[in-house]
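Notes for the one structure printed next.
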Amino acid sequence: MKPQVSENVQAERFEKFSSFVDRCFIPPWDHVVESTSKDFRYLNELISVGELWQDPSGLMELNSRQKKRFSRWVRYFELCDHLTFFNSVPTSERILQGYVGDCSTVSSLSSLAEYENFSGIPVLTDKIKLIDLEKTAINLVNLGYPEQCINYLGGYKISIGVKIFFNGCPRCMFIDDWVPVKSDNTLLCAHSKDSSELWVTLFEKANVRLSGNTYAIKGTNPGVDIYHLTGWIPEIIQLPPFRFKLPNDHSNPLIMDGIKQKVCDSPSDITNIQKWESIWESVLYNFNKNSVLCLGTNELYDVTTNSFYIEGISVSSGIVSGHAYSVLNVLELCVSGMKHKLLLLKNPWGKVSSKIQIDPMILSILPSNNNTTNDVGIFWIEWDSVLKWFSHLYFCWNTEMFGFVNKIHFTWGRNEHFISSPVPEDSYLSMFNPQILVSYPNEQEGSKTQMVDSKSKSQLMKSSGEDYLLIYAMLIQNRRELGEKMKYLATHIFEGNSRIIIPNNPLINGVYNNSEIILTKLLISPYPSADERREQILKYGRYHQIENKTHVVNLIILLCYYMRKMQENSSYTLITYSNKSIKLLPLSELSEYSNLVYDYRWSSFNNGMNPNEIWSFFTNPQFRLEIKRDTNLIILLETDSEISVNLRLFFGRLATIRSLRTKQAKSSNEYKLYCCSIHGYFKKGTYTLIPSNFNGVEANFKFNFFFQGPQNDTIQIYPIPYPFIKLYHMASLEPNSSTKVDREYKIDETGDELVERSVSYQILNHYHVTVLRMTNHYLDFTVDQVTLLSIKIKVNSINDNKFVLFSTNTTYPNLSQSSCSVEDNSGNDRQLNFCSDVCCFSCGGPYGQFYPISPNLFPKEHGLGYKFSLFSDLNGGISKNGKTPSNSSQVLFTRELLITFTLANLFPNSQYRLVSINQFKFQKLFFISNFPITLIQ
């Protein structure tokens, strides 16, 4: 994610260059210059038609239904000699829809007109202005707009400008006065009953223009339309999906009869009564004070259609299918001890009212009742009937109720790492997605770099005395083309202040939708009392409650794309409205991180299971991770198979059962589908990685490392030989035999074919395996380069339980109680130390380290020139002091008569001797190393 806004200058730059959309120039409102002419009563006195701007895109397109009624295009200024924008305060009764399929726009205008009429607050009358194009052109040139934007103004002197909210800010939509009319000169588009005022026609044209240069549209939804017209915050509440609204098989008359009967059932059929009761109370409290409302329907079950009403009207209820209604009034009456919750609705057609019956006594006392007069599409309906027949409530909040506003713009584009990742979608891997930190308190209040657009007002909501933090976070999908389809996105909320790599357990799971506006409402507070909770719901409606008693808030807003990967750049705006000052900060991209990819596979040799099967778990691949400098590091484990995976990071040079069981290893936590992650700040040193999948299946996987530092000099990873890798059955090495692989720690039980010879082979192109039988109680060997070696010894007697590996090398590090040094495989002569901390990544820890030989304990080997010794794992080789027996190794020996050495570090120019201290012979040996060893006969 590339944050486009960190200062006001950058915000203006983003808003400027997102102004030209699909050949339509829509600049920020504060970049145009309003006409200062005040001395006129009618627009005709001021405007010459020849000087009035005309849209260079030409006339709007019409659909076939409109063309049947269409006569010609005319200029509105030629239809009427006494034009105004508004003749008086707008009201819904003056609005007529016409033949454009934008019931949502017309319903939005009706609700807003009633709000302005009721409150006296201009929400429509301040949105239409005359624009001085000559001064605007000069201003645009000074602001650095390209020539095509200036040319869009066409050299005209004046234009009508409608303020709309689009692509992240208030903008000017230039509107011409061309309108389609029928043969009787009545308009095909929306218009006012008073033909001398333009506001209805202009608002409709400005809003539908956002869908392209056409009247042939279907409406969006009233929530988005009200945002376009006012910038208010749209909340879309899905009403109960009741089964009689539309059955799966509405062609079946038996089903239909049952559903028709269901319509007459009691309101108690509505489930979750408490939820809908609380929403009603919020509607009643906020209507025409902090909000306006609209309603919408989905497809209904018993509709009939004709040439006039192609949408379809329910026979039983009179409600229109797939339609929007404005809410003109809200009342709660108490009659004869019973509450009646009522809404006054308007069908934007100006006709077709509801047939749903209301108690005549209630109708008689309502302030307006159009059910008993001419049908003008205005009717009262009870809340329970709304819940049964309508699909959505559009609850649009006045932004003036908030004291603080923050805004950031950002882009989300194609990420090559994620595109090439085997992980199918971002619900499994989110590290490449846009993520925004929300923090409170805002210690840098007023800073341009952190709080881009902040305002504090004396408004309806005061921050003083409130012990909660209220945030409305509104994500806007900005458009590159008019009419562009919106993506299915969701905003998930996580606690913390660092990047979310794997989206596990969010505080709030967002709901995916393809709306232009995606809203998340948060209320963060100490756990409120029942009365406080009720009051908050009354004021703000339904919201997500986050309990927080620290008064310090750090939340991550994570943007996700439903079941897809982002393939192209898209721009977004996040605006937060809050009752207290907060800080928004886009988390930085990973572009400054270096990247290393390492591919591998779980095969039949290493497909171990999860730690519940402990021995099987340690057959999984093991890797040495060398971190050469302190760094921030993200380790991803990814697979293209639909399996659950996990990653363990052990601190030190090798992994042990003891470290796993005592939780001394860092885990990616639960097994997750497709990928998992470990991340953090890591110190220079040696670590061990074990990837696993839950059921131990064969599959490809890869490590993806992201780190800060030089590409080739920060980390190194390579597989290490470990004793529990599965090996071939010896019989499978014979000609014409099928390959078999041992399970877990079990090894081949073939006979004496190894007495006379050894067998060497390679597995997975990384591990050299030498198999032989000891014909003496000791075995000598050398290596030609620095080598890591693990050994498995299958003994024949329970008394053959002591093995030691001796070395003539003199450069092994020494145990130090005070300090240690970084592990060094160079074999140089500098003095190195290791410590007894089993989790020490600096020196690698004491596991598998050689110790100086004791002449009294091993006089023969000392006399032969051996200087260092390493006890087997059973005898203490993987312990703090190199001699304390291992419990897990004892279990392995008791069950399988198997002894191991884990990851001995061998050097060239040195001889090694493996000795059975109890002087047994004919043990079966398995040497597993990263480079070949040379046996000394």
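Yeah, the Cβs are placed from backbone N, Cα and C, and that goes for glycine too.
Since the structure is predicted, the reported quantities are computational estimates derived from the model, not experimental observations.
Noted in TrEMBL for the protein shown:
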{"type": "ACT_SITE", "residues": "Cys103", "note": "active site"}
{"type": "ACT_SITE", "residues": "His323", "note": "active site"}
{"type": "ACT_SITE", "residues": "Asn347", "note": "active site"}
{"type": "DOMAIN", "residues": "19-399", "note": "domain 'Calpain catalytic'"}
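A coil conformation is recorded for Asn347 (active site) in the three-state DSSP classification, outside any helix or strand.
There are 25 other CB atoms within 10 A of the CB of Cys103 (active site), with all protein chains counted. Cα-Cα distance from Asn347 (active site) to Cys103 (active site): 8 Å (rounded to the nearest whole number). A sphere of 10 angstroms centred on the C-beta of His323 (active site) encloses 24 other C-beta atoms. Annotated pair Cys103 (active site) and His323 (active site), C-alpha to C-alpha distance, rounded: 7 Å.
Annotation note: His323 (active site) sits in a coil segment as assigned by DSSP. Per-residue confidence over the domain 'Calpain catalytic' (19-399) averages out at a pLDDT of 88. Around the Cβ of Asn347 (active site), a 10 Å sphere holds 27 further Cβ atoms from the protein chains shown.
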